[in-house]
Amino acid sequence: MAAASPATLNEVVIKHRSSLHPRPDVTFAYGTAGFRTSADLLDSVIFRVGLLAALRSKKLGGKVIGVMVTASHNPEKDNGVKLVDPMGEMLHSSWEAYATQLANALSAEALIAALQQIILAAEIDLTVPATVVYGHDTRPSCPGLVKALEDGLESIGVKGIAAGLVTTPQLHYLVRCYNTQGTKEAYGEATLEGYYQKLAAAYTTLAKGRHLLPALTIDCANGVGAPALKAFSSVISHDILPLIITRDDTTTRGALNSECGADYVKTKQQAPPGTTLVPYQRYCSYDGDADRIVYYYADDKGVFHLLDGDKIAGLVAGFIMDLVKEAGLELEVGVVQTAYANGASTEYLTNKVPTTCVPTGVKHLHHAAESYPIGVYFEANGHGTVLFSPTALSTIASHPTPSPALANLQAVTEVINQTVGDALSDMLLVETVLLHRKWGPGEWDAAYTDLPNRLVKVFVKDRYAFSTEDAERKVVTPEGLQAGVEAIVGKTEKGRSFVRPSGTEDCVRVYAEAATRELADGESTFSRRRALNEAKQAND
Ligand code: 16G
Ligand code: MG
């Protein structure tokens, strides 16, 4: 057991160390993706995140807290940081304001005062020893920022466990493993080796004896997914999982997320330049921190088809429902989506399973998925996973009648990273379903046809002038905007459109879909102009 820490903050040390990490003249906000901005502005923020992570661990009785330094799909010059709570979930939203408060304290004295306020407000016992595990992606700015984090941890008397270069979902996995080891909820061995072995064992169970599919080509966004995938492929037989790893250059400056990766493919609706799509072969793209994945393929006419998070949700939910039934279990499967889910996917899913729509951001989806015995959640952009409730897990584990379906279901609970969306683990799940169904991408895609859609960014003076309700499907302010959107949508076949302020960029996003490409484009152009006009009025 670690020795108890002193009951008070060492203010001299914190002030001194803080002066080595001066705060730039910028206002920071802990948003959906934690703090994320240009890397050269983040040194002070990350130092202070070290302090906050230590307090969070103390508050939770010494549970291990995670800190991940990454800016996901953002350009290489950016960076970011987010905290991970004990079961591997996102930082509880009640603490986001504390993070913002610390990041914005104007001086070393103000920082101490903010810390004291948080200690008081959250009733934190400083004598509780804290543990923080931290990791980072491949950005060149990471080593310096990790140093700032370590300074923060040291100045509050916490040593920290360095996980090194990891994908975001690996860090989430490690946090959960540390906090559950030795309990009946033990999640796995708290090492990267443990992570790879767990996934490899589960996938081998699911794949063995099946007819192999042709190799899958993976675009790793020139990010941390590349070394992770290579490490994984070295522990699993190539006969079980033939892979072609591309965009794995993590050393050339500027390569990360540049014209590749899940965000590029989803936004541009095209494969990374230079990729020759062999008809009906499977391709997928990870994002820069490997917590998102999209699949795609070309048909025999060379037309590109995207298999995004919605398609993955449909594929996976159907498969799990079938396994549950075949195993003779009664466990409800539910699906959680956001307003971005294509209307065709929502129609397809609601005819099969209970579905819920929640605001954008993993924490909302994760939370809603927890209310189902088996909750499948995916954002259209490829963030997602499957959660099995403790009751579902014990029902599966204790079912008296063994069957192949039961064994497969059990392995599915192991192959999926239940802490957060995980490109590598999601990929294994998709591959599993395709193997079992004997499907290529064309058969998978046949479930429904996406409605043509457009997503545009609108730069406005004040995105905070925009507020929404009904899981972001209705814009409340600026007043009158929703009525304008509805007037047009009402006249459009299969029309749907919404306007929401971005949580990660200084802009407003406008989504529109309709029965035809022409209609969808027309609507989004209209909505964008309209949003712009309204925004201007709101800001005048
Ligand atoms: C963040 C969210 C992601 C969401 C995106 C929306 C997490 C871990 N990530 O990246 O889920 O889709 O923000 O961005 O929650 P936006 O608010 O700028 O549209
Ligand atoms: Mg990401």
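Every residue, even glycine, has its Cβ placed from backbone N, Cα and C.
As annotated by TrEMBL, domain 'Alpha-D-phosphohexomutase alpha/beta/alpha' applies to 65-96, 108-181. Residues or ranges marked as active site, phosphoserine intermediate by TrEMBL: S72. The feature Mg(2+) binding site is assigned by TrEMBL to S72, D287, D289, D291. The feature domain 'Phosphoacetylglucosamine mutase AMG1' is assigned by TrEMBL to 194-294, 308-439. The substrate binding site annotation in TrEMBL covers E379, A380, N381, R500, P501, S502, G503, T504, R509.
Below 8 angstroms of C-beta separation, residues 30-31, 33-39, 42, 45-46, 49-50, 52-54, 56-57, 122, 130-137, 139-142, 145-146, 149, 166, 168, 171-176, 179-180, 187, 221, 224, 253-258, 261-263, 287-289, 291-292, 362-363, 366, 418-420 of the same chain, each at least six residues beyond the ends of the domain 'Alpha-D-phosphohexomutase alpha/beta/alpha' (65-96), sit close to that stretch. Residue counts for the domain 'Alpha-D-phosphohexomutase alpha/beta/alpha' (108-181) under DSSP, helix first, then strand, then coil, are 41 helix, 11 strand, 22 coil. Selection of the binding-site residues D287, D291, E379, N381, G503, R509 by a Cβ distance under 6 Å from ligand 2 yields, in sequence order, D287, D291. The CA atom of the residue listed as 'active site, phosphoserine intermediate' is located 20 Å away from the CA atom of P501 (substrate binding site). With respect to Cβ neighbours within 10 Å, the recorded positions S72, N381 differ, and N381 shows the lowest count.
Within the model, the domain 'Alpha-D-phosphohexomutase alpha/beta/alpha' (108-181) shows a mean pLDDT value of 97, rounded to a whole number. Screening the binding-site residues D289, D291, P501, G503 for a C-beta under 6 A from any atom of ligand 1 leaves G503. For the pair P501 (substrate binding site) and D287 (Mg(2+) binding site), the Cα-Cα distance reads 22 Å. Residues near E379 (substrate binding site) in space but far in sequence (CB under 8 A, at least 6 apart, same chain), listed by position: G309, Q337, T338, Y340, T360, V362, L365. Same-chain neighbours of the Mg(2+) site beyond S72, D287, D289, D291, judged by a C-beta within 8 angstroms of the site's C-beta center, are, in sequence order, T70, H73, D137, T167, T168, G223, A262, Y286, G288, A290, R292, A423. R509 (substrate binding site) and D287 (Mg(2+) binding site) have their C-alpha atoms 20 Å apart, to the nearest angstrom. Of all the Cβ atoms in the protein chains shown, 21 others lie within 10 Å of the Cβ of P501 (substrate binding site). Same-chain residues at least 6 positions away in sequence with a Cβ under 8 Å from that of D289 (Mg(2+) binding site) are, in sequence order, M68, T70, A71, S72, H73, D137, T167, T168, G223, V224, G225. The two recorded residues D287 (Mg(2+) binding site) and N381 (substrate binding site) have their Cα atoms spaced 10 Å from each other. Taking every pair among E379, A380, N381, R500, P501, S502, G503, T504, R509, the residues recorded as binding substrate, the greatest CA to CA distance is 17 Å.
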